[in-house]
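Summarising the annotation, Swiss-Prot assigns substrate binding site to Arg116, Arg150, Glu275, Glu276, Arg291, Arg368. Marked as Ca(2+) binding site by Swiss-Prot: Asp292, Gly296, Asp322. Under the heading N-linked glycosylation site, Swiss-Prot lists Asn46, Asn54, Asn84, Asn144, Asn293, Asn398, citing sequence analysis as support. Sequence annotations record features per position, and here Swiss-Prot assigns region 'Hypervariable stalk region' to 32-86 based on sequence analysis. The annotation region 'Head of neuraminidase' is assigned in Swiss-Prot to 89-470.
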Amino acid sequence: MNPNQKIITIGSISLGLVVFNVLLHVVSIIVTVLVLGRGGKNRICNETVVREYNETVRIEKVTQWHNTNVIEYVPYWNEGTYMNNTEAICDVKGFAPFSKDNGIRIGSRGHVFVIREPFVSCSPTECRTFFLTQGSLLNDKHSNGTVKDRSPFRTLMSVEVGQPPNVYQARFEAVAWSATACHDGKKWMTIGVTGPDSKAIAVVHYGGVPTDVVNSWAGDILRTQESSCTCIQGDCYWVMTDGPANRQAQYRIYKANQGRIVGQTDVSLDGGHIEECSCYPNDGKVECVCRDNWTGTNRPVLVISPDLSYRVGYLCAGLPSDTPRGEDAQFIGSCTSPMGNKEYGVKGFGFRQGTDVWMGRTISRTSRSGFEILRVKNGWTQTSKEQVRKQVVVDNLNWSGYSGSFTLPVELSGKDCLVPCFWVEMIRGKPEEKTIWTSSSSIVMCGVNYEVADWSWHDGAILPFDIDKM
């Protein structure tokens, strides 16, 4: 066979293979259409079946691939329904990690806000982290001087829980240097306090729209909880303070429905001090554990009924939970009066468990470092010192800060009780470290029916940043 004949033969074989390959593709397409395109019961690809129930809607996405059914259950909350939140707090044995945002570590190279006062609140379908920004980013020149609490640049924003407070996912909520937020089952309500110290104003937003205001009544830094407010059967409650941080101030409970204030009452606590309350629903009432920045190292307790009647006193436990504080052995508890050294404090929390109490506190007695949570037997009703459980969340070699409470609603958790949860702020930068800025990240823990080992979920950012070296 001469060279020309070889070329013709190879070309003919190649052409034949190409034609055969094309025919195979055509046959494959025809078979696919015939198999997947048949009528009758098998023609349900990508159909959605919706079955309605009394309280919620369960959506079943049914996709059939060659006679194999894949069913995905998607929970859906009817947004026309208020959350109940009259259930009791679940009895828990420990607290497991729910989320950690690592905002400062990520912010060394990412577009993350400079923040303080982060807190968590939940709707029937999600939990969100709220935070007060400083109108600046980490590792940027505008972060200089952000140790200041109140400025016209501070805003309340939020992200899905676990996300760092970044510019790409954050949602604006209110102009604020003090704030609270909660969901009634229909929409989010946020309260942002802003303005000059002597004439501050709290703007109530409902569903993202301003609906009401509270003006400063004492002319001395109107402020609110820095943690979740509480909604029960459509009505939402929060606590505000106006007056000195180191002397007698004035305290009020507010009640709103769909973002409009429908009631308020003054709280009388002569010789005591209430601010930055951490509140949660329990057995149809609002229970708050607050900060006494004037007279004691035990925490004020405020229990609010739906009609705005209240009971006020102090956490009975014979262990102090504010910072700074004295030795546990030297502390005498009281259910009615402030006890301990008369110094400033830090925002904290507690949960009632029957007559017991879970109480969070820094490990250090003198500074905002470390964090632990203790269960004190009969500590809600008696001056007991008996610790039945203790769990370390941040070790004493690392900074902590504010802490506060929230609950997982039954609509979200699927339980028949409210899951107690808390968050711990971990402050970095000024005044304790050599930076030009102050910011924080947070760890969030939720109650479980198991004991959880001690560990340190600390912030972990390596400081200083580049901006601090200029």
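Here the Cβ of each residue, glycine as well, is placed from N, Cα and C on the backbone.
These numbers come from a predicted model, not from an experiment.
On the structure: features taken from Swiss-Prot.
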residue	record	CB count, 10 Å
Asn144	N-linked glycosylation site	15
Arg150	substrate binding site	17
Glu276	substrate binding site	25
Arg291	substrate binding site	25
Asp292	Ca(2+) binding site	25
Asn293	N-linked glycosylation site	23
Gly296	Ca(2+) binding site	25
Asp322	Ca(2+) binding site	25
Arg368	substrate binding site	19
Asn398	N-linked glycosylation site	17
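In this structure the residues listed as binding substrate are Arg116, Arg150, Glu275, Glu276, Arg291, Arg368; their two most distant Cα atoms lie 21 Å apart. A 10 Å radius around the C-alpha of Glu276 (substrate binding site) takes in these recorded positions out of Asn84, Asn144, Asp292, Gly296, Asp322, in sequence order: Asp292.
The secondary structure of Glu275 (substrate binding site), as reduced to three states from DSSP, is extended strand.
Excluding Asp292, Gly296, Asp322, which define the Ca(2+) site, the same chain contributes His273, Arg291, Asn293, Trp294, Thr295, Thr297, Asn298, Arg299, Pro300, Tyr314, Pro320, Pro338, Met339, Gly340, Gly345 within 8 Å (Cβ to the Cβ centroid), listed in sequence order. Here Gly296 (Ca(2+) binding site) is compared against the recorded positions Asn84, Asn144, Arg150, Glu275, and the shortest C-alpha distance is to Glu275. On a Cα basis, Arg116 (substrate binding site) lies 17 Å away from Asn398 (N-linked glycosylation site). The two recorded residues, Arg291 (substrate binding site) and Asp322 (Ca(2+) binding site), show a Cα separation of 8 Å. Counting other C-beta atoms within 10 Å of each candidate's C-beta, the recorded positions Asn84, Arg116, Glu275 are led by Glu275.
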